Amino acid sequence: MAQRSSLAVPYEVPLLAVCLLVCVATGLELSVNNHNADFSLLTSPGPPISLSCLVRNSSEAEELLWYRGDGQVDLKDGNKVNISNICISPVTESDNGVTFTCKLARDKSVQVSVILDVQFPPHLSGEESLHIEEEKDVTLSCNTKSNPQAHTAWYKNNTTLTLQKDRYQLHQTSEVSQLSIKKVQMSDNGTYTCVATSLFGERRKDFHLIVEDKKPVFPMEAIIAAAVVVSLTILFGIVAQKDKICKVW
């Protein structure tokens, strides 16, 4: 009896495994703007940018998908197979940090992502004139959103502001710089300037703080108490004169 060859395949290889072997053997991969790995794209607001996704080392037609963040981009039929292009126009500041990803439709693990690095200078904004009563707290908020993040400093009447730890507090995030003053005094009157410095230069914004005299506290409790006393006095007077009132009627 003939012996079975040791080279014979003892079972049928699953189709998925064959597909993966073919992909590995052919080195199928994607590239976006000639990058075959995730990358960051430096740009600025205004001019449009194009992203081109290409299937490499493919022996057959491959469908491509585009995503903006977690949302799928709607592509036209002629812009899906083996090569796919999308255009972001116009580029805005809100596109900063957004991820665009090109994926292989039949195997979404094959993908390349690009993160938009949209650089722009700070555009300072905030309430310019603030009226505050003496001995109350106030906060000056200077909106300083930019990319890269700007360094912020505060000045009073064009002089570097010396922060008094017991009354002044400075809080800064990537989008706002806040100067808080506790129990404002008449000496706090003046113009406060928020200065933001970044790679794009310097931006300045003035905030006018107007401290007003403390208004007298209205003695509401005393008035209520007096009203109660008057009401009770009238009531007791009516009761005391009840007999006389009845005789008249």
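Glycine is treated like the rest: Cβ placed from N, Cα and C.
The feature signal peptide is assigned by TrEMBL to 1-27. The feature domain 'Ig-like' is assigned by TrEMBL to 14-113, 122-198. Per TrEMBL, the feature transmembrane segment maps to 222-240.
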Helix-strand-coil residue split for the domain 'Ig-like' (14-113), DSSP-based: 18 helix, 48 strand, 34 coil
Mean predicted confidence [pLDDT] for the domain 'Ig-like' (14-113): 89
